[in-house]
Every structure is written in structure tokens, then in C-alpha cells.
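**Q** Below is a structure I'd like to ask you about.
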């Protein structure tokens, strides 16, 4: 190999120039290659969230998407899902700024009557470990699917029974799935509502429910539903109604 | 120094995190779980190997005065490659690691190896050095991540060891990173002296 | 009001060092004495604000304009590296006194990930230019606050009789952990 190059001005400029040129050419090429997968990955995330929160559909919700601007300047996105031309549900990308830090973005799916079908947390900056519990907390618990921890398994071997997972009525107070924000009070029980907050994360829970409520309000406005009138009222009458209308709930 | 020693020094004698105390930002920033630590470690390992490889090949052609800027450009290119590829194929992990992926470029381990080893050695030892250092770094990050995940949530690599309710949340949060690393280094110091 | 939120958030709630883990190397490296910590803070503040402005303009008028956002990492690190050199040269000529005070810290700054980190975060947060300046300034103050507090603690730490294994870096890290815990008390105020 040739000896060490002298540090003359021309040498330095030339070397730096060549290195930068090669680097940017390589990166430009790679960028073209990865452009599609990156765009796809982004889209997939949204599509997956939509699929998760609404019943089975056969249209392309992204194509029928419409937006509603909120006073803060942010937009709610609505993705109607239809099966054979009939509306089966609407996924709403909603948000709140009431969280612990910054925005919380949630995709929530409503059945045509406004009942929550399912939800998926898209993005949040809440306390890690607590805020992340949002992803599952408000969903119904299936006791058969709860994974036992190693300690519990070992305990079982020596005859100690693992603590029962709260299912049924008590577990269901956490869940928002199958409930209708129009008839049930979508605030945490601490504020007199009907939903149990995440342990030690009341603020994040309030924020989450607020996002769902916002989505519901706008969804109902869009669908010209009369039920909107009593949204957000804290009367006990609404909670009673809620128990009746809540088919999947264990309380009725 | 033979190749074997050259490879293993990154794990124990000159471990970037526990002994040299380099690359602390990603070490503390992304190790809230074992899998994040491993992902970050492997991304850094790739950059280390590739930049060591290229630099050992071209270093004789680079005048001394522009050595560091040239190295930085080479390293930054590989960091961008990692960034783009991860965004395309492992978007979830990419999102978790966030700003720390572009920050691999200022990870002192990478530039340090380029300057101290690759620019003075031939191709094969440079690659081995990069691999050893990188995997040692990955090991440290995974260990720290596993410790924090275990105490914080009762899981390791998402496998439940004890019930999450009994976890000490502080270990997943910012202070836990400092505490866990502090005690880990203390233990390793004690073991090395024994 | 928005600016106040940005400032409080960057200094206390999302402190660059204690909550975001940026700039840990100087945080551990130059925190043995309060006086050096203050000098480092000065240098970092200066470069951070300058670098954020320059990288912001480059992102908006070069990278975005030509659609070559993927060159961000390379461009930013080069800009920061050359900026540090430039500041060093200019400072030497214009204000030898200031150069005396900050000079030794300048070369260390290129690999301070807080600078690059803040520059990238400014773009990610989609700030306008004024917000970017406020954000970078506040981040630098947050960095300084953490650094000076930590240096004060460490000066006392040297006098404590600790078990052998834990003396030095481990003790410093544990103290940093406690400091981070104290800063967590600020979370939720914005």
C-alpha cells in the first residue's frame, strides 16, 4: 500500500469530498430501497390498529377516512368499516392532552350504536411501566389466558394456589369494551365514574377515558345520534341504565 | 495479542460499559427491558464492525488532519444504514430506541475503537476487535436491561418470573437506570479485585 | 405561556441528563469539582444554542427542501463538529479571557450526545425557530443544573468512607440515581 498521505490542502479536501460522496451515494441508494418498507411499516401499524378495534370488514377504511378538526388544531380521524356495504363499526383515532406528559393517542373502535368494540393505544409519553398498562387494563380479562409467573408455577408444585385473577364482575369494572359512553359514565370511579382507574395511575386513566369520550362525542355528532345529550353527566340514573344496556357485563 | 484474546477482551478486561465507562447514554437510556438492551447492543455492534472494517481499509489514504472528520462521516453513514433498515423492518424496536439510534454516532466506543484500533491495524484484527467490543457492549446492555426488567416488572425477556404487581417500578424509570448500573459496577469491581 | 411550558419542561421535568440520559459522559467525567462543572455548562450552553439554530436552518432549507432527510445524522454531526472548531478559533481571537475559561471543554463537546440529541429532538418536536432556541437554551440550563448539583454532591462524596467496590463511579451513579429520583418529583407539573 502507498505510504501515509501528506496533509496538504488539496489532499484533505479531496479525501473528505470522496468519502462524503461515496457515503451519500450509498445512503441515497439504500434510502430508495428502504423507502417502501418504511412507509409500509407505518401504514401497517395504523391498519393493524384499525383491524384490532372494529369487527371484521371487507372495505378499505383508509380510503373512506374523514377528519374532524378539534379546537386545539389537532384532528380526529374516522375510519368507517363496512361489511358488504353495511357499516359494522368505526375506528376513531383520538387523543387527549390531559395526560401526565404530552399527547396520548388512542385508536378506539365503536359499533354503529356507539358501544366500544375495542381499543388500541397508539402513542403516549406517560410514565413508562404505568402508562404502558393502558394497553391492556381497560380490556376484559380472560382468566383462561392469564400467564402464570415462574414463582406461581413453583408455588403450585408445592401446593400453594396462585391468587385468582379478578374476572367476572369485579374484573369487568376495569373494562370499557362492550360499554357505551352514552349510557355509562366514562370517568374513573374516584371521580364518581363507572370505570376503575389503573392502580397508581389515575391521571393517565383519566386522560385515556377523556380521549375515548372525545371520540364518542364527535362520532355521535357525525352520526346524528340523539344520545349525545347526556354525555358527561354524572347522574346515577345513567349508571343504572348502563348496567342494563351492558350485555357483556357481569353485573346484570 | 492473538485473535482470541483480541476478541474476548471486549467482554471482561476492557468491557466498554463496566470497565471503560464508555457509551453511557444508550446504556442508561434504552435498558428499560432486556430486549431493548439487546437490540441497541446489536445495532451498535453492527456499526462497530462495519466502521472498523472500512476504516482499517482506508485509513492509510486519509491525511492525519482530516482523520477524525472522515471517521465521523464513515460512522455516521453506517448509523444511518442501521436507522433506515430498522425503521423498515423492525419498526416497534425502532420506536422504542428512538433518538438513541442516531446517537450511536456520538457513542465514544465507536469512535474510540476506530481511532485507537482500526486505524492502526489490519482488516481481520479490526473486524474481530469490533465484534468483541460490540458483543461485550451488547452483553452489558442486556444484563442491565434484564436486571431492571426483573426488579421493575418481574419479567425477563417478557417471561414472567414473579407477579408484576410486586415489581419495584422505580427500576424501569430513570432513577433505576443509575441505581442498577451503579450496583452492577460495584459488584463487578468487587469480583475483579477478588 | 407556551414558552414557559417548554422551559420548565426542559429544565425540570424532562431534564436532559436525569430523565433523557443525554450527555452522561461529561456528567460523570467533569463533575468532580463545581468550578469545572460551571465551565462545562458555559461551553455546552453556547454550543448547544448555536448548533440547534444552525441544524434547524439546514434541516428546513436544505434537507427538507431537497427531500434528503436521511442525511440528517451525517449532516448534523458534521455541522456540530465544525461548529465546535469554529467557536474555538473565533473565541481564541476575539475573547482570550472567555477562551481561557471554556477552551479546554470545547473539544469534549463534539462527542457530547446532548448536543446532537437536542438538535434531533428539536426537529422531531416540530418546533419553530424561536421555540427551538428557547428549547435548546432551557435544555442547556437543565444540563448545567444537573451537572452543578451533582458536582456539589460529589465533592462531599469524596470525603465519605465507603466500601472499596462502591467507591468512585458506582457511588457517583447511585447518587445520580437519587438525584434523578428527586427530579421525578417535578413530573406532572406541565
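Keep in mind that glycine also has a Cβ here, set from the backbone N, Cα and C atoms.
Annotations per TrEMBL:
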- B:39-59: transmembrane segment (TRANSMEM)
- B:71-90: transmembrane segment (TRANSMEM)
- B:96-114: transmembrane segment (TRANSMEM)
- B:126-146: transmembrane segment (TRANSMEM)
- B:166-188: transmembrane segment (TRANSMEM)
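Looking at the shown structure, can you explain where the listed features end up?
**A** Residues 16, 20, 22-23, 25-26, 29-30, 36, 39-40, 43-44, 47-48, 51-52, 55, 68, 71-72, 74-76, 79-80, 82-83, 86, 129-130, 133, 137 of the same chain sit 6 or more residues outside the transmembrane segment (B:96-114) yet have a Cβ under 8 Å from a Cβ within it.
When Cβ-Cβ distances below 8 Å are used as the criterion, the transmembrane segment (B:126-146) is approached by residues 3, 6-12, 14-18, 23, 26-27, 30-38, 40-42, 44-53, 55-56, 109, 113, 117-118, 156-157, 177, 180-181, 184 of the same chain, each at least six residues removed from its ends.
Within the chain, the transmembrane segment (B:166-188) has long-range Cβ neighbours (under 8 A, six or more residues past its boundaries) at 17-19, 27-29, 31-33, 143-144, 147-149, 151-154.
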**Q** What else in the chain is close to the transmembrane segment (B:71-90), if you only count residues 6 or more beyond its ends and a Cβ gap under 8 Å?
**A** 39, 43, 46-47, 50-51, 54-55, 58, 97, 101-102, 104-105, 110-111, 114-115, 119
